[in-house]
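Participant: After the structure tokens below, expect a handful of questions from me.
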Amino acid sequence: MSTADALDDENTFKILVATDIHLGFMEKDAVRGNDTFVTLDEILRLARGNEVDFILLGGDLFHENKPSRKTLHTCLELLRKYCMGDRPVQFEILSDQSVNFGFSKFPWVNYQDGNLNISIPVFSIHGNHDDPTGADALCALDILSCAGFVNHFGRSMSVEKIDISPVLLQKGSTKIALYGLGSIPDERLYRMFVNKKVTMLRPKEDENSWFNLFVIHQNRSKHGSTNFIPEQFLDDFIDLVIWGHEHECKIAPTKNEQQLFYISQPGSSVVTSLSPGEAVKKHVGLLRIKGRKMNMQKIPLHTVRQFFMEDIVLANHPDIFNPDNPKVTQAIQSFCLEKIEEMLENAERERLGNSRQPEKPLVRLRVDYSGGFEPFSVLRFSQKFVDRVANPKDIIHFFRHREQKEKTGEEINFGKLITKPSEGTTLRVEDLVKQYFQTAEKNVQLSLLTERGMGEAVQEFVDKEEKDAIEELVKYQLEKTQRFLKERHIDALEDKIDEEVRRFRESRQKNTNEEDDEVREAMTRARALRSQSEESASAFSADDLMSIDLAEQMANDSDDSISAATNKGRGRGRGRRGGRGQNSASRGGSQRGRDTGLETSTRSRNSKTAVSASRNMSIIDAFKSTRQQPSRNVTTKNYSEVIEVDESDEEEDVFPTTSKTDQRWSSTSSSKIMSQSQVSKGVDFESSEDDDDDPFMNTSSLRRNRR
């Protein structure tokens, strides 16, 4: 594409391409907290200065799945500052926007909204950091989309089949088919490609007249047999692929000789890990497209914090370092000090004339101390550079290469993976879980749960703060195994049950689709549980709080009028009774007061424990419960089980006193001969101190306690 063609704006699309901005990364750090916001400001300023038609983002606009208010506020502030205005948009949308943006409440491009004044549209897919989660499957990009600042596209609504429908753009005689695919777990997407479940739809008319641009956010480098997306999986009619997620900047388009399309990897806009791939200079791209021709102009970012990295191997310097020398540690420190000073001098030299670049650089010196050397204290050494570098705590990284042993089986060298990360990537949580169980001894292997399910549950817990993910996965797989055993009618022998559990687990592992369904169902349960807890937490209104305060005040008045006794007894005589002759009720149930039609709901701190213990029984207990008929002995046993869970010696210290009302009831009832079931129920009454905290205690009960 010639220079004259590139400057012909009438028929030329000008697109600013960026990816992996990671807004909010280390926002609480005193030195690096504003780095991502400053870089986004520079990117948007470049877009406005070059008068681009639109901005194209390749995912991970946010670093956290639930960005902070500061991060969201700053992002909206910058988008409003640079992307709104009176400059007209020169291209039009030809495709059905209800299909392209069908998951949005406003299924049309933002610059065509009559209530908004957009001068630079932003099109973005979601990445693995800011992907949709929760019961409603929302992400931070949906907030920006609802506010009218970002056009979120490339979202797949199905986990079984993906149809990628392009956004069709036209400017003059140039037509672009913009395809997008937001981040999907690599193994799942790999399997869908293999099973031909991914389809890229093409325009029906004049297929060859469209420039096909595809934006994807997946692993490009190989992390495992299926934990990446090979370039050969993509359709060969594509002209250019914008590949997000990989942080090393390889923005110059490279040709895939097999598929004959070009791939541009813009890389991250900020340093998020001290790895070799991040040390490459950061750029964004100004993509010009006219007809079927393109040109990618690299634009360096001047506000990115400098990052210098160097490796040294102590064993390669036998003339300087001798592990038998008692002063070898001092020699190593002096050598490292010299290397770091050299990197700081290079940083100062490169920063000359660029006042927009942060003053303190990132420095990482990796030291291989193989060969009998010992590492020194990094914390003490780094004190010398606190005021000169942005990362003094991890300025030096010690590692060593272990000798390769004869492999008796498949083993994972974690030291090699950690000390030599591949091209700017880091290990993922689910990979570590899988690798751990692959190399673990037999006695610590999972026998009921699956490694893949546990890996994804841990990932949801760590990356997306789904606190119930692990618990719900365990419950779901346990329930499914219990149902399987009940349907098989196996004898209640431990050996046979273990064998059936092992066979059932192996069959599930072979059926990957079934395992996917299990994980999805467990994650859906966890998200629904979180949504319910959030709704219940916000259900109390001001009137509820006032009623709680009133109940507490009345209960406090009752306690003040009745002197407390020093009796520490438990069981009979403890808790609210509401008068003599009242029927006892088990904890967590309801009790009916004398001469009243009102039911008072009773609560206990231990009620949840009792219910949970009875519900989450073991496999053998669950199996036995279906084989035995209920009897009186079974009922008595159930009471003893609840007592065993609820009772604890610590309760005596928590509730050391009882009121005179309790003593009066106790003295009256002690003369009676109580049955075993009555004794079991007696321990379930709440103490008077629980009344102070119970906002649902009715007024009649409070009055009886006063009398």
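Using the three backbone atoms N, Cα and C, a Cβ is placed for every residue, glycine included.
Residues or ranges marked as active site, proton donor in Swiss-Prot (evidence: similarity to another entry): HIS129. Under the heading Mn(2+) 2 binding site, Swiss-Prot lists ASP60, ASN128, HIS217, HIS245, citing similarity to another entry as support. Under the heading N-acetylserine, Swiss-Prot lists SER2, citing similarity to another entry as support. If you look up Swiss-Prot, you'll see SER2, SER275, SER618, SER640, SER687, SER688 (among others) marked as phosphoserine, on the strength of similarity to another entry. Under the heading asymmetric dimethylarginine, Swiss-Prot lists ARG572, ARG577, ARG587, ARG592, ARG594 (among others), citing similarity to another entry as support. Residues or ranges marked as region 'Interaction with NBN' in Swiss-Prot (evidence: similarity to another entry): 87-117.
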Participant: Measuring Cα to Cα, how many angstrom lie between SER275 (phosphoserine) and HIS245 (Mn(2+) 2 binding site)?
Facilitator: 15
Participant: For the region 'Interaction with NBN' (87-117), report the average pLDDT of the model, please.
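Facilitator: Overall, the region 'Interaction with NBN' (87-117) comes to a mean pLDDT of 90.
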Participant: Determine which residues of this chain, when ASP60, ASN128, HIS217, HIS245 are set aside, have a Cβ within 8 Å of the centroid of the Mn(2+) 2 site's Cβ atoms, and list them as they appear in the sequence.
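Facilitator: Neighbours within 8 Å of the Cβ centroid, excluding ASP60, ASN128, HIS217, HIS245: THR19, ASP20, GLY58, GLY59, HIS126, GLY127, HIS129, SER183, GLN218, GLY244.
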Participant: I need the most crowded of these recorded positions: HIS129, HIS217, HIS245. Count other C-beta atoms within 10 angstroms of each C-beta and give me the top one.
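Facilitator: Of the recorded positions HIS129, HIS217, HIS245, the most buried by Cβ count within 10 Å is HIS217.
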Participant: Can you count helix, strand and coil residues in the region 'Interaction with NBN' (87-117) using DSSP?
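Facilitator: Each residue of the region 'Interaction with NBN' (87-117) counted once, the result is 7 helix, 2 strand, 22 coil.
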Participant: Relative to the Cβ of ASN128 (Mn(2+) 2 binding site), which residues of the same chain, six or more apart in sequence, are found under 8 Å away?
Facilitator: GLY59, ASP60, SER183, HIS217, HIS245
Participant: Around the Cβ of SER275 (phosphoserine), how many other Cβ atoms lie within 10 Å? Please give the count over every shown protein chain.
Facilitator: 21
Participant: So for ASP60 (Mn(2+) 2 binding site), how many other CB atoms are inside 10 Å of its CB?
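Facilitator: There are 28 such Cβ atoms around ASP60 (Mn(2+) 2 binding site).
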